[in-house]
């Protein structure tokens, strides 16, 4: 039988994948290069025809416009376009960083609430997520700015958030509430002994639980939490006015104690973890941190003779004087970004928690861990692996979405730089390129750090 | 004797009949137990429940009162919605929505020409139903209709004028030429050797001529019908030019969304393939484009399109004001689409590629016939999600001065004819309903697709 050997043979150059690859790439490069070249040459011709100078010479020209919210000194008379850029950039970073923190808290709360066994709470969380995620952010910003904040009364008729107008609680009511709460708690605890059947026991627990709850809520509210939090808060169509804290002599000591407390608690936490790994002994990290960060500065505050005073905003003519003014544009943008992003973070958190298998919870329970430690030590760490990557992109989205500020007039980077500066100078190429470069840098830096964090949290497999 | 049974037992305490069943304790079953387990299972839960109930009780009745009970449903100007004019508290001013409804849909599109927009809406609805309805026939023809016929038809119908009619004439001639080519190829299949591999040619040749190349036949027929209908319309009623500056409302919103999806899907496929290509330059260019676009906000892309696009092309070809954001949105959506599709490509098992190669398929045949159909099917939910995002993002064109749906609402809010204290709340509620229905409907659809595909994967 003659064996036929098939010679691979030299394929025609036309069908050689390597050659084809080179040809394709060369063709693509040529097309892209031609597009870039013709775009650039067209741009040069057009700019020349419109008599617009190219280059970054405008950076040091006087700006001639003012910005209401500025973190660095800026004025219409003396400042340059370059400084306008920094004002806008700082405002973007400010709203993005506060928004990230707030939306993380709200998002985690809503995400956990959707998984709660509490029926009303989970349904409300579901409605929140569905509504927020299915409406355009711009519409929500318009809503917050035009429909909620703009119709507020003028400064003379500011709404005083001081305790929502409830006044101080009467001692009698406080006492009655305390007694009711105490009795209800006793009843709740001893319902097993008081009742004969399961049915009665359930009833007693239900009734005493409700009474206890009502009493506690009213009592908490009336014991002045709101009073402490909201005194001197004024709200009107020019924004939110907060008391301006002034540090008297020795006041900086409190700030220093606070900072030292934070550092000390971090050090203590590291030490406690090492101790636990070495000896198995656990330390009350949370309580000690609370003591160092909250109680110690408060103690210093009392010892140094209460050196913190507040300048409260007050009506002067047609405006308010004193206090810290937070502009409505900032409030609207922050509210919109926070609630919008929280809707997405909630779903990320929910997916992450659901991704942890039920067996993990059961195993933790079998080891004798209670619900709190189970969540903290077993479920959340594993959920974080699933949560972190999409959480990162939500943070980036929030930062990018802060550019919608231009629609409601919050002076962020896009509004100040790509809006006003571009209009005044007409240097579209430079201005848009700088703006895009800023956002690209923020994106890349954020993902770089989140990737490091992600790597640390990732599951180490064989 | 061991015949002791229950009946003759001497012991009286042996019970002879079963007890009647007792109802379960209230703390275990029934509404009360449900309330306890789901609402008041502990102090924290109880507080949360009461807080939630408080929120619901304070907001829902108030909203019902505002939007329904106290609402004004008819009227011709702001007097109908002023509390002191009609002598009762006024809630939402739906009369304003009813009065301005046409404007919200068509913007400033000339009234006698609005039937053209309606035809495009009908075509759009037909295409959407065709593609989304699971059991609709001729899905591939539907794809062709949505991705080719609809954009061309919408362009000719909406814009009109001599340019569009010339374009239409050219298209009809092209289609006729294609038809002739198809007829020739069907009877002389050897001519098709250039773009059909020999293996396929053998299959085609085994069939009678009228069955060969059956797909292009349907597509060409469909094109002829659609173009013919539009041409008849143009001839009988006439399609005068309507400048894009007059377009507005939902028309523009749907237009941007449709252009976004129509162009971003194929572009996204190409970018995703480019990103996974082994040719370094193609890969690098794709990565740069995708990461660059995904790293910047849509607004800056729109600003770039608005201010820089006219600079990059010769003055005489300066793009239309509506075209600029369309380009921006399409490029932006393409980058996001590319990442979604890349996910689908990565999910394909290697065996699929190897199987395709062992059949002797080339790169494009492998992608077109084996990989992409499966990969795209996996990522349908992701594509729908991207599309929901795109639909919400269409509102941003407001910022560069295009009259989309949200902008028309904003414009009517400052119009003194309807300026009342409650107009704003009504307008935003209407916009919210519109966007919510569209987006929520899409997300429901993607969930149902996901479930349907999960059912196929279940063992």
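Note: Cβ is positioned from N, Cα and C throughout, glycine not excepted.
Range annotated as transmembrane segment by TrEMBL, chosen from B:3-24, B:25-46, B:47-68: B:47-68. Cross-referencing B:284-305, B:394-415 with TrEMBL places the feature transmembrane segment at B:284-305.
Residues 255-256, 259-261, 263-265, 267-269, 271-273, 275-276, 286, 289-290, 292-294, 298, 301-302, 304-306, 309, 319, 371, 374-379, 382-383, 385-386, 389-390, 393-394, 397, 400, 402 of the same chain lie 6 or more positions beyond the ends of the transmembrane segment (B:325-345) yet place their CB under 8 Å from a CB of it. Taking Cβ pairs closer than 8 Å, the transmembrane segment (B:219-239) reaches residues 116, 119, 141, 144-145, 148-149, 153, 156-157, 160-161, 164-165, 168-169, 171-172, 175-176, 178-179, 182 in its own chain, all 6 or more past its ends. Sequence-remote contacts of a segment are chain residues at least 6 beyond its ends whose Cβ falls under 8 Å from one of its Cβ atoms, and for the transmembrane segment (B:366-388) they are 257, 260-261, 264-265, 269, 273, 333, 336-337, 340-341, 343-345, 347-348, 352-353, 355-357, 439, 442-443, 445-447, 449-450, 453. Remote same-chain partners of the transmembrane segment (B:425-443), defined as residues 6 or more beyond its termini with a Cβ less than 8 Å from a stretch Cβ, comprise 66-67, 92-94, 96-97, 104, 250, 384-385, 387-388, 391-392, 395, 405-406, 409-410, 412-413.
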